[in-house]
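Heads up, the thing below is written out as structure tokens.
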2 protein chains.
Amino acid sequence: MSERTEVGSLGEFGLIEHLTKNIEFHNASTLQGVGDDAAVIDHFGKQTVLSTDLLLEGVHFDLSYTPLQHLGYKTVAVNVSDIYAMNATPTQILLSIGFSNRFSVEALDEFYEGVYAACARYGVDLVGGDTTSSQKGFVISCTAIGEVAPDQYVKRTGAQKGDLLCVSGDLGAAYLGLLLLEREKRIWMENPQIQPDLEGEKYIVGRLLKPEARKDIIEFFAGAGIRPTSMIDISDGLSSELLHLCKGSGVGAMLYEEKLPIHDDTRAAAFKFNSEATACALSGGEDYELLFTIRQDDFEKLGNVNDITVIGYITDAEAGVQLYSKGGNKYPVTAQGWNHMGNA
Amino acid sequence: MSERTEVGSLGEFGLIEHLTKNIEFHNASTLQGVGDDAAVIDHFGKQTVLSTDLLLEGVHFDLSYTPLQHLGYKTVAVNVSDIYAMNATPTQILLSIGFSNRFSVEALDEFYEGVYAACARYGVDLVGGDTTSSQKGFVISCTAIGEVAPDQYVKRTGAQKGDLLCVSGDLGAAYLGLLLLEREKRIWMENPQIQPDLEGEKYIVGRLLKPEARKDIIEFFAGAGIRPTSMIDISDGLSSELLHLCKGSGVGAMLYEEKLPIHDDTRAAAFKFNSEATACALSGGEDYELLFTIRQDDFEKLGNVNDITVIGYITDAEAGVQLYSKGGNKYPVTAQGWNHMGNA
């Protein structure tokens, strides 16, 4: 950012034109995008799926170590993740931002560069939004729209006793990435001469700053003919999401500690932070992996996909939600997910 | 508000359950609402219309004189107004809020009371959202979803030379309501003993604090067989919106000062504030009336609806956008609308 253009020099409508002039549409259903009172979307016998997120500076992200481009990418990824978690395909997004006068046009361009990169990655069209000044800080609101064949969406309420409990990818890395960046920030604030030590931590930092939504898993389901009986995305931590899923479905679950997928770099980072890798996998937030259940009959359809792990099975509600530890003991699973309200 | 329940005592998920436990659905198309990763909406050969707004405390509203219940109502009204401005029917909304720990559960209940009242008024279903803590202030993001028969939506780009320029309701009152409340706030801050003097100002204050979206106008169009050639809702002021409409449609317009619909209370308030009522009608924001154009052939269909006023006609682009004053002079119309970016 060698130049700095004041947002006021463009005006609100000039700014919107500037930020949206390179929009490309990926969906035939997008009839009308930015530039009128509302966007218009056509449907071809599909059902519409909608999700929205509100992200506030200082609560959900820290711009002192979050590049704006990554923040833009993550905003979209996190939102479409909710659409995938319904077994649906995201098609459009609406994006609103509020920002103080400390943001230049160049800074907003960086943010939108990430937004557009994610739109291209996930095949969604940016069709509307709102821009406004804020008194302080950066405010982001993103709404994702998706489509699904009638009644093919997957809720978090359909898990049945005997179903296999599965998770995509690996868990706990984003939380350790956050611990690392918070530590480096504290060190840097105390002593600005010391450069951040991120050597060998690329994986966990990347998982926090640039998560990917699991488009590939939904596509795999479609190809393999699998329809999960229930599904939820992991934003607040495995424990918290599993409890939601079990409560919603009126079931219990048995989770195996030794089955939890944890990346080697996550284990190494947990060790450095004197944390238990298992605890990070259970309670760390922002992994954006998919937690889902399938009928036992569908097990063979999983085939050799090594990015899906069976981590347990569904039980009666009376059995509760339990963790079977490596040591052979059973512990009740409790919600320790990131609870933004807790910071209120 | 005699009681105060801390939000933290409910937790995030308890709060969502609390705020959404009385949700009623008004639309058969609402298949799945709050409580999963995303909402699901069915379609019956309709096209979907989407709009979103981001409202920030201190920029868009001042809680020192805005009752939370009215703010909730207005949030929904303002958002569905954009859907009506597409000649579409709003069906669902998504609502996200961020709030600091100065807000109690009772305060949020008041806000949602207004939200649900507006949902019932406009027949829309609240189907999702996000709640989060904020470091400071109240943040609101609302997305409205509507439906329209294929290709029956009305953009701001279809006005043609010779079309009649029309507006619903009356203009300028909300702006004067704001001037009044800001003045009373200043007086009160300087001298808290002096009670606000809102005698006889109910109309202009009501127009600011509790605007209605013009559902009735869209229903009238459907009944009368009128399809406007272009339409936009007036949130930033008549001048600003008319310039958008003319730019979008590639036309000019002639606007008659003597035709501008202005309420008697608005004129009286303008006089008290040493303002020109015409200037308030042209530049005051937040009226949320509909500005639209119709073909001359449709004039008779307007019949005796006394809440629609023909205020001018569409001209060639070369003629520009002009105001024909009561004194018989022509002035170019310039944008003086509320430009939130200008305050950045």
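Just so you know, glycine gets a Cβ as well, placed from its N, Cα and C.
TrEMBL labels come from automatic prediction, so no person has curated them.
Packing around A:ASP233 (Mg(2+) 3 binding site) is summarised by its Cβ count: 27 other Cβ atoms lie within 10 angstroms of its Cβ, all protein chains included. Annotated Mg(2+) 3 binding site per TrEMBL: A:ASP37, A:ASP82, A:ASP233, in sequence order.
As annotated by TrEMBL, Mg(2+) 4 binding site applies to A:ASP37, A:SER51, A:ASP82. Applying an 8 A CB threshold to same-chain residues 6 or more apart, the list for A:ASP37 (Mg(2+) 3 binding site) is empty.
Sequence-distant contacts of A:THR52 (Mg(2+) 1 binding site), defined by Cβ-Cβ distance under 8 angstroms and a gap of at least six in the same chain, are A:ASN79, A:SER141, A:CYS142, A:THR143, A:ALA144. Here TrEMBL flags A:THR52, A:ASP53, A:ASP130 as Mg(2+) 1 binding site.
In the three-state DSSP assignment, the secondary structure recorded for A:ASP53 (Mg(2+) 1 binding site) is strand. Around the Cβ of A:ASP53 (Mg(2+) 1 binding site), a 10 Å sphere holds 22 further Cβ atoms from the protein chains shown. Residues or ranges marked as Mg(2+) 2 binding site in TrEMBL: A:ASP53, A:ASP82.
Taken from TrEMBL, the feature substrate binding site covers A:HIS60, A:GLU286, A:TRP338. Look at A:GLU286 (substrate binding site): DSSP puts it in coil.
Cβ-based neighbour count (10 Å, all protein chains) for A:ASP130 (Mg(2+) 1 binding site) stands at 22. The annotation ATP binding site is assigned in TrEMBL to A:TYR112, A:GLY129, A:ASP130, A:ARG156, A:SER235.
Around the Cβ of A:ASP236 (Mg(2+) 5 binding site), the number of neighbouring Cβ atoms within 10 Å comes to 24. Per TrEMBL, Mg(2+) 5 binding site is recorded for A:ASP236.
Helix, strand and coil residue tallies for the domain 'PurM-like N-terminal' (A:35-148), in that order: 35 helix, 45 strand, 34 coil [DSSP]. Per TrEMBL, domain 'PurM-like N-terminal' is recorded for A:35-148.
Of all the binding-site residues given, namely A:SER51, A:SER235, the one with the smallest number of surrounding CB atoms inside 10 A is A:SER235.
Taking a C-beta cut-off of under 8 angstroms and a sequence separation of 6 or more, A:TYR112 (ATP binding site) has the following same-chain neighbours: A:LEU19, A:GLY72.
Here the binding-site residues are A:THR52, A:TYR112, A:ASP236, A:GLU286, and the ones sitting under 8 angstroms from chain B, going by CB atoms, are A:THR52. Closest to A:HIS60 (substrate binding site) by Cα-Cα distance, out of the binding-site residues A:SER51, A:ASP53, A:ASP82, A:ASP130, A:ARG156, is A:ASP53. Of all the binding-site residues given, namely A:ASP82, A:GLU286, the one with the smallest number of surrounding CB atoms inside 10 A is A:GLU286. Rounded to a whole number, the distance between the Cα atoms of A:GLY129 (ATP binding site) and A:ASP236 (Mg(2+) 5 binding site) is 26 Å.
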